[in-house]
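Novice: Pasting a structure below so you can have a look.
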Amino acid sequence: MEFSALLTSAGINIAVCILFLSLYSVLRKQPHNFSVYFGRRLAEEKFQKQDDYFSFERLLPTAGWIVKAYWCTEEEIRQVAGLDSVVFLRLFIFSIRIFSITSLICVFGVLPVNYHGKEITHDHIPTEPLNVFTIANIIEESQKLWVHCIALYIITISACILLFNEYKYISRKRLAHITGSSPNPGHFTVLVRSIPKSDNELLDDTIRNFFVNYHGSSYLSHQMILRKGHFQSFVDRAERAYRKFVRVRLSVSERNGKSSMSRCGVCGVRASSFQIYRNKFIEAKKADLTNPEVVDAQKNCPGALVFFKTRYAAVVASRVLQSSNPMLWVTDLAPEPRDVYWSNLWIPYKQIWLRKLATLAASVVFMFVFIIPVAFVQSMMQLEQLKKMFPNLRGLLNKSFFARVVTGYLPSVVLLLSLYTVPPLMMLFSSIEGSISRSGRKRSACLKILFFTVWNVFFVNVLSGSVLNQLNVFTRPKDMPTMLAELVPKQATFFITYVLTSGWASLCSEILQVYNLVYNFFSKCIFCCHQNTEYVYSFPYHTEVPKVLLFILLGFTFAIMAPLILPFLLVYFCLGYLVYRNQILNVYYPKYEMGGKLWPIMHNTIVFSLVLMQVIALGVFTIKHSPVATGFTILLLVATILFNEYCRHRFSRIFEAYSAQDVIELDRDDEQSGRMQEIHQHLQDAYSQTPPGAEGSSRSGGQVPIELILEDPAQEASESSQELCDTVQEVSEAHEHSIEEAAGKAHCV
């Protein structure tokens, strides 16, 4: 590919970015798009809606959102979006810092050396092939390779210093998050699975007797988990319909001036009356432990939530082996209520390892199946192959501009569209694995997508999509450095265009929220549905973190191989920093908190990128017959691995466990202030049987709970449905009665 083809691709992407950013600055001002671009603020009811009037100012693109996103402090972001958003943005800060240093060194130091590596007569720069800007243009045994070796040392040392500071900074933030946040019910709760069954006593009594016997001084209470039936989903939908009915009547009553001060809008009935009826129904079922149906239901109990009096007791109970048989009485510290992935709690513990093995095998198979579209993308970059594959397009392909678009822009677009199928499938695999928390499922999906993108986007493309070349990597591992050294510079063109399309354009698509915008347009403008949507998206860390880490890997890998990629990457990180700050502040709602646990994944991937950069440089120096540079690179490689081991021993356990010092001090503070009794009372309701559609659950941090289901789901569904009908009838009668009273008072007046 010529340099002019790269400029064509860059021009197309710059035009797309300007168009999308201009559209966003206009569309965000339109009142009917507030639910698309201000979802988080609407969910928290902190956004003042504007009147829907026409104004020319709303049609003019402005950059005010950039200023607001930039000047918002990190503490404000943490308060509104949690620690995870801060950690994600710190990844961009690290990237901007390290690639500013790298761009300065490589663009002004390494790039001229590559360009003048061979004593040849250079043509006009736009007509130059891109390989003259890569390390492939350096002749063998050249003394100029010392420039690359020195640049390699500067980049690695700078990256390690910045990484250490970031790890230290985020570790302090995590400790402050644990000690400074409000009491978390998950810190007092232990999830117990693989409970042994007994024919002589109820499972409820078995759990109580075990923990009273072995944890008597710290045991508080427990709650059994029973599998949710299909008929209960019908009941939940009916309850959600009822709550929607109540909200509609509330809005109508408020507009008519008939609402009473302490009523829910359906006059005469409290807003929580239905929940009180439901709680009475459930408590009656729970109390009747002699009922044969309840006895049969407990046989299907996969586990229980056990509450302890102190955080320290819960941490100790979750870490120690409860039985001499490690497959019985398995304990883990429970996630916080809103983070529990309830549908996976019924999975028997003995199935977990089988599920993980099956999903691992399925993920590996999918990774290799995806080689087919990647190979097709690689064939699109070869103009002669395209002419053979599509002979009818030979005339168009002979035109220079069309050929530049097809070979320089279209391949990365096709690959980007193919990658959209990966996140839903990996999230499905992570769900099947049996993760007990939503954050754990998202971290698992993040790792799967990360491995997938690094292998299929980088390694498979570098190896030109040839299965034989990929197999050679495994059959000849000693030749991997030299193989990568030969192939990586050849693929620099594709990855530069990939940064432009998958990087710049995807950021603009992210801020424009194309899917939500189209859905909102059809629902409000075409189907005239003016009801605000209640669902607000949480931040997709499982897709965005692997994407950013892949670009970091590309930046390190091609830093000294093809420095032309660095300016485009630096623009991506700067633009991404502003875009994601804006999205975190306005669009996405934090439904649960991971406590910054994604940073170790980020750190390890960045270190892997540094090691890969050094391995490829080692292969290049070997091919170019520079033994001294090879020796210095080996020393740098060993030092980088030792640095990673030091960081792992120094910081990683902070993200894996709680320290006894912190939890004991928190327990003492709560006991001295008298809050412990209040916390214990709240624990009884933290994991209560509230339906998933309960009003306010998504807006007030409410949890999605587990239901206590009997063996005969049809019978309970019938009873609950009858209860729903009775409640609605009672509400209607109360409403009619209140209207009659109001009419009587008006008549008297």
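Here the Cβ of each residue, glycine as well, is placed from N, Cα and C on the backbone.
Where the annotation comes from TrEMBL, it is an automatic prediction and has not been curated.
Here's the feature list from TrEMBL:
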DOMAIN    5-166  domain 'CSC1/OSCA1-like N-terminal transmembrane'
TRANSMEM  6-27  transmembrane segment
TRANSMEM  87-111  transmembrane segment
TRANSMEM  145-164  transmembrane segment
DOMAIN    187-344  domain 'CSC1/OSCA1-like cytosolic'
DOMAIN    355-621  domain 'CSC1/OSCA1-like 7TM region'
TRANSMEM  357-381  transmembrane segment
TRANSMEM  401-429  transmembrane segment
TRANSMEM  449-468  transmembrane segment
TRANSMEM  548-580  transmembrane segment
TRANSMEM  601-623  transmembrane segment
TRANSMEM  629-647  transmembrane segment
REGION    670-701  region 'Disordered'
COMPBIAS  671-683  compositional bias 'Basic and acidic residues'
COMPBIAS  686-701  compositional bias 'Polar residues'
Novice: Using a Cβ-Cβ cut-off of under 8 Å, list the residues of the same chain that are 6+ residues beyond the ends of the transmembrane segment (548-580) and lie near it.
Specialist: 6, 10, 17, 66, 69-70, 88-89, 91-93, 95-96, 99-100, 102-103, 106-107, 110-111, 114, 130, 133-135, 148, 151-152, 155, 159, 450, 453-454, 457-458, 488-489, 492, 495-496, 498-500, 503-504, 507, 510-511, 602, 605-606, 608-610, 612-613, 616-617, 620
Novice: What counts of helix, strand and coil residues does DSSP assign across the compositional bias 'Basic and acidic residues' (671-683)?
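Specialist: Each residue of the compositional bias 'Basic and acidic residues' (671-683) counted once, the result is 11 helix, 0 strand, 2 coil.
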Novice: Should anything in the same chain at least six residues away from the transmembrane segment (601-623) have a Cβ under 8 Å from its Cβ atoms, list it; otherwise answer none.
Specialist: 87, 91, 94, 135, 140, 145, 148-149, 152, 155-156, 159-160, 163, 166-167, 443, 446-447, 450, 480-486, 488, 545, 549, 552-553, 555-557, 559-561, 629-630, 633-634, 636-637, 640-641, 643-644, 647
Novice: Take every residue in the domain 'CSC1/OSCA1-like 7TM region' (355-621), average their pLDDT values, and give the whole-number result.
Specialist: 81
